[in-house]
Amino acid sequence: MAKKYAIVKELDEAVNLKDGTTVLQFETRLQGGLECGGAYLKYLSPQDAGWKPKEFDNESPYSIMFGPDKCGATNKVHFILKHKNPKSGEYIEHHLKYPPSVPSDKLTHVYTAILKPDNEVSILIDGDEKKKASFLSAEDFEPPLIPSKTIPDPDDKKPEDWDERAKIPDPDAVKPENWDEDAPMEIEDEEAVKPEGWLDDEPDEIDDPEATKPEDWDDEEDGEWEAPKIENPKCEIAPGCGEWKRPMKRNPAYKGKWSPPLIDNPSYRGIWKPQEIPNPSYFELEKPDFDPIAAIGIEIWTMQDGILFDNILIAKNDKVAESYRETTWKPKFEVEKEKQKAEDEAADSARLAGFQRKVFDVLYKVADTPFLSKYKHQILDLIEHAETQPNLTIGVLVSIVVIILTIFFKLIFGGKKQV
């Protein structure tokens, strides 16, 4: 069942993102995996932007949204920046293009976003850089932070006489006199000859001569009984049965419906586009105008429970974030990884033990076969020995196969005497 969760923590002091480096980092563990839902954080703007902690929801204004999100075709570590257009005053969401994917296991992972003073942002997962982008590049954010200088004129309309057809039917073309639009596509092949041995009077199917009327058949209730049909055996050895008809062939006179050929359109003016005008929302930007971070919020919709967050960090030095990864995340991750490995090996062993149990059950049944009665004691000894040492299962299977093959060859060749 889908559920929505929201919690917010106000900071003692707002963090200014405009000066120097800022590092956003947190750990999350998806204990039940992540099939459909989010595990991201929202770095909220100051409350004067119009929100209250007790009313925190998905409409609360944020500066940055960062973290894993996965559902259906969506599988990415979001990085979304809300930026105010100084001309229009509108806040616009700018999404990082081609973000990294979410790790697919159930271990704790640490997500890091480093905002640098040179307008670059780096996205790290477990300390490894997965994405680097520039805030001012139209190739890295959609839509770009800096709008285009011009936009299509919304008031410009295509003239009624604008002709976008590159080719037109030739108005001077005339259908040839010998063009027959009614000629069929196929005609009978007059040169075809009926194959020798064709059985004109034989049907393709005949009544099944071996079929008999059921004893409980009631003509009044079930109707008149008819034998089922079978393929006529005479037709299997003959070229064919029934009425012979000439095969069809393509009509060389067929031309279909006539249409005039296409010629270049003398009135062609190309594909119409509205003219470009200066963009009233265009502005120049040397650095992003980030809103400060005044609180951290978890506001997610998810189909899974068991999403854990830990060690949420905002720092002005990436070395601090690196230290946290080494001292708090990495030891935890290594323990979880070893535990997961042991659990996977135990599960594999359980599956193997179940398979071996089934093998031994089959081998006991094989030992009870009268065909192998002379060797039953020998086979049982092999099975019991293998049960005490399961790694010998394959060897026991091979031994029993050898015994069976030995008996088989003795039965075939052992009782024969040479002449």
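Cβ coordinates are placed from backbone N, Cα and C, and glycine is handled just like the others.
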#### Entry: Cysteine from Cys36, Cys235 that TrEMBL links to Cys71 by a disulfide bond
Cys36
### Query
Can you count the other CB atoms that lie within 10 A of the CB of Cys71 (disulfide bond)?
15
### Summary
Excluding its own, the Cβ atoms lying within 10 Å of the Cβ of Cys36 (disulfide bond) add up to 14
